[in-house]
Amino acid sequence: MQNLGINVLFEGTTLQRLFEGLMMTAGIAFISIIIGSFLGIGMGLLRTSKSRIVQFICRLYLEVFRIIPILVWLFIVYFGVTNALDIHLDGEVVAVIVFSLWGAAEMGDIVRGALESLPKHQVESGKAIGLSFWGLYRYVLIPQAVRRMLPGAINLSTRMVKTTSLVVMIGVIDVVKVGQQIIERSIIKVPTASFWVYGLIFILYFIICYPLSKLSKKLEAKWEN
Amino acid sequence: MNKENHQVLLEIKDLHKEYDTRTVLDGIHLRVHKGEVIVVLGPSGCGKSTLLRCLNGLESIQGGDIQFDGESLVGSNVDWQKTRQKIGMVFQNYDLFPHMTVIENILLGPIKVQKREKKEVMEQAAQLLEKVGLSDRKDSYPRQLSGGQKQRIAIVRALCMNPEIMLFDEVTAALDPEMVREVLDVILGLAKQGMTMMIVTHEMGFAQAVADRILFIDEGRVCEISEPKEFFTNPKTERAQQFLNIFQF
Amino acid sequence: MDINWQFIISTLPLYQKAAWITIKLGFWGTLLSLVIGLVCSIILYFRIKVLKELVEIYVELSRNTPLLIQLFFLYFGLTKLGITMSETTCAIIGLAFLGGSYMSEAFRSGIEAVSKTQIESGLSIGLSQMQLIRYVILPQAFAVTMPSLAANCIFLFKETSIVGAIAIAELMHVTQDVIGMYYQTFESLFMLVAAYLIIILPLSFLLTWLERKVRYAEFGN
């Protein structure tokens, strides 16, 4: 090989640009996880509601996200909602909206699972010492539930990080898009550029997701004991 | 009836078993003659279940020898698959395969392992089921049976392999008291037919009725081997005496 | 909002064809994933040297990277090293690479759920290791793990939405094209969602039914 293709990664500002793209990806993921978590906690509390109607609506909301692929949701908001309301939304904004709403649905399910797994006598003994509804949640249920939902929540974060790779499809200049630009620029000179660039992006995602999923597994194992 | 002049079927010589650094069996010696029923007694954790499990290759051993039918069961070249066909074992938790019907449970070994004719095995299974009083349950799933019924099926499953010896590991320990009898009756029946057996149990009355000899183990050692009448009325060791006192009110 | 029914009817054949492609990809992706998952979990069960480590590395790589990147790497990256394959082959391999690790994890936890005493009781009637796997462990593991397998199957059918990125005319890709060409955004998206509902909902009901059916035969103890 006269020219090692891997050099394509170290030419000029390539690495820096990829890093900037990665920051865009990470930013979208981070903001969505935060918003999704807050909405999801509310959702989880709603889902423990006794009202059948509330339960049904929340369940429907979750199923709607589970049945329709996330990429379809990105399209619906990016093309459909903007069209219907006659507004313009940047891909980044669309991504944050969709991921947050999706995160809320999944997070809600995790919170519900955690709350329901708490032994019933916890609620009863909380009530027995005269705690109010909010006091019950604030001092008894939430602290215990947090421990139980942490592995699931971290797992969800990993899933959301991985899913952010899709934002390239709605025109966001993320790490994948930057990668594509670099490949296009150097494809004549370095035919193997796509191997190295996509290989690097592959590794970058792995570096972010692997520790998260390891952590989640560890917490899960700890919780089981 | 004294069976000590019958042929020796199973011989255990200086058996040692260790878990990590803890010694579980510490030099066990025993000869089991053909047709003999040995009941193994001892306080919990004394190693009596482990002893049975060693005989069936479910536990590795750290020293000594086991001879079955003149062949050693120690070392890496033992064909356990072949040996286990001759050593039937029934466990405490009547582990029938939950996804198979009673008859499928019984047929699995004879047909898949021993490659016998289905028709012939079916006939044998029918006879055995008849004997344990469960002919009508052959197409039931385990979940539809009571604990006592499951345990009787587990015995039939082992018997259908035509074993030369049966090992019973606390087979009534997990049962409701009212179901214990039906299982013990089956084992008593087997004893009458001359089946060689080693039985770990906590049912003292049963032990006395079924055993040719009682093997009393404590802390991994054989404390006493004697005929049941003698063991229960006049135990030789203090440990055995203490053990028996627990069962008297 | 006025719905252009004329448009919907005229693009129906296009969507129909795309839906079949989605189903085909999902089917083969799931099937291959099941095979890979099964093989991997058996390797893990027997702790086969070297292979076990390879499986562990594969599972981590596959689970911790996005499908889109896996596909791009396969389709654009590897072809540049002289390994060429058709889009469809590439998509199915990508889906199987992703799904295999999910299925492997599902089978593994199912196998772990089979009690030790079941294994011992299988051994005690003289079953060989392979017979033990086939007659005792797998049927029970399968029942335990059926819900996970079903979830993975749905997941893989949804993930087919991503393979449009490597120029396969499945539902997403067709929708993108149609929106680009005719600007009938609402109708196109409507067709897209309808198509997914028509595929995923019956599949989900089928799997739930299957789950109950499989479970019925298991667990009595």
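Keep in mind that glycine also has a Cβ here, set from the backbone N, Cα and C atoms.
As given in TrEMBL:
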- C:19-207: domain 'ABC transmembrane type-1' (DOMAIN)
- C:25-46: transmembrane segment (TRANSMEM)
- C:67-98: transmembrane segment (TRANSMEM)
- C:132-155: transmembrane segment (TRANSMEM)
- C:189-210: transmembrane segment (TRANSMEM)
Selection from C:25-46, C:132-155, C:189-210, the stretch that has most Cβ pairs under 8 A to the transmembrane segment (C:67-98): C:25-46
Non-local residues, at least 6 beyond the ends, that sit with Cβ under 8 Å of the transmembrane segment (C:25-46): 52, 55-56, 58-59, 88, 91-92, 95-96, 98-108, 110-111, 129, 133, 137, 149, 152-153, 156-157, 159-160, 163, 168, 170, 199
Remote residues contacting the transmembrane segment (C:189-210) - C-beta distance under 8 A, at least 6 residues beyond either end: 3, 8, 11-12, 15, 18-19, 22-23, 26, 146, 150, 153-154, 157-158, 161, 171-172, 175, 179
